């Protein structure tokens, strides 16, 4: 079974992602258009309210999934071995989706459903393709120019369809700059979460994990949407300002850019607290006195006094891979070989002539806000270390354990040697790395806590996660102005047979935004994260200026009225055509009568003459 999962797991994962993509592509463009169809042409206000409520529901679901899914995943499940319960985390949403589908089908009779008109995308694509080919055929100057290049399709396609395509293309043209907003917005779930892993999430009685900071977005959405609709927009209207949908979207982009400026400022503060790891041509070394008496350590251009069972507080940088260390009085010389690009701790035993060891330290910040810890046994007997989080194994005398990951919060470790034991407790923050030294003088019992020496290899995060709240507020306010307005704008400006087409085009801007993240990050390759934030903010400001210029040339229309006018014109043309046909028919009948009358006169004349 394990072999089967190992071979087919990537295939099953890709199949799952493909199904999600197909389902999302099928439901997202249609559900917004379907909801808008439930309102008549005279219910513009109610339709705008629907799109706001629709967005609220989306973010309400996002909030619940962000909170509940990690809780379900953290449960232990399994028959033979216990592990994180991903099956429960995926199974519960799947069951709820099945229930929601049943509820949706049960209410099917209550919905207004427009009649299907065939594959509109195929029809539109063929019409556009024919217009382009026909225009190319008639590119010579001897052919008269058309008012619009789509008019070249009139030879084959209905004028109403051509007019509807023109309307859709005007809106799609405005979509071209919009992916840049999503380029910034979608980074709140990636780069902003990574930023949170280097911050302190202790809010007193509540401890927030880095990935839980994302819940601020849906919480603010649920708060800001009603405030915007019922207070901010009406207030702006009362001030006499014409705050059109495209202006709202422009302001939304500016707010998102400001959010990234805030992220850059915070990143600058974080960078000041991050450790400086050795370059490829350097090595870093710290010292640990494992003995019971103070010692003096001399090494190139430095001298260090270490108390018993004490480690140096900082790492010392060396360009050379071979250094000489002098210990004690009279000094004993030792040659130490260092590894370039690495951090190491030199374990100095109590007996100077004993073997010296170099322990490899971490050269990266612990991931996801967790901590990395290890134990060094300075005793003459093996020590076993364990805790509720895991078992660290048996550590031989004068040896050390590997680094192990541990979450933030209070942890208690049990140190055991034979029948003797010791309880050691510590409160952990976020993103720290620690070495705990067990001295040879350790006395097991209730007071052993004070005997264990703690050495901080990498300092825990000190910049608080609360500083991210302003950037989340700005980007959420921008989302409310940009995304909710964009949904309603895409529906209101779309022809009656292309509501879903424009909704799909709107969603495509999100997909292209994710590609832009990869492209810009790969091309720029900026060494500092804060400079990347500023780059993205600058790009969005530039794009928002371009979009505002494009929006100034856009004229808001009522597609329903235009379609009705075209239908009336077509109907009038048909009536005129019928009238012409009737006139022609009447003229022909008159000519026939005149011809018959002339023949009769000729016959009478002939008879009279005879």
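Using the three backbone atoms N, Cα and C, a Cβ is placed for every residue, glycine included.
Here the structure is a predicted model, which means the values were calculated and not measured.
Check TrEMBL against the ranges 458-482, 533-557, 558-582 and you find transmembrane segment recorded for 533-557.
Your range for transmembrane segment, going by TrEMBL and the list 219-236, 273-290, 291-308, is 219-236.
TrEMBL lists transmembrane segment at one of the ranges 129-147, 148-166, 167-185, namely 167-185. Looking at the stretches 85-112, 309-336, the one that TrEMBL records under the feature transmembrane segment is 85-112. Only residues 6 or more beyond the boundaries of the transmembrane segment (85-112), in the same chain, are considered here, and those with a CB under 8 A from a CB of the stretch are 34, 37-38, 65, 68-70, 72-78.
Proximity of distant same-chain residues to the transmembrane segment (219-236), defined by a Cβ-Cβ separation under 8 Å and at least 6 residues beyond the stretch ends, is recorded for 48-49, 52, 55-56, 59-60, 63, 243, 472-473, 476-477, 479-481, 484.
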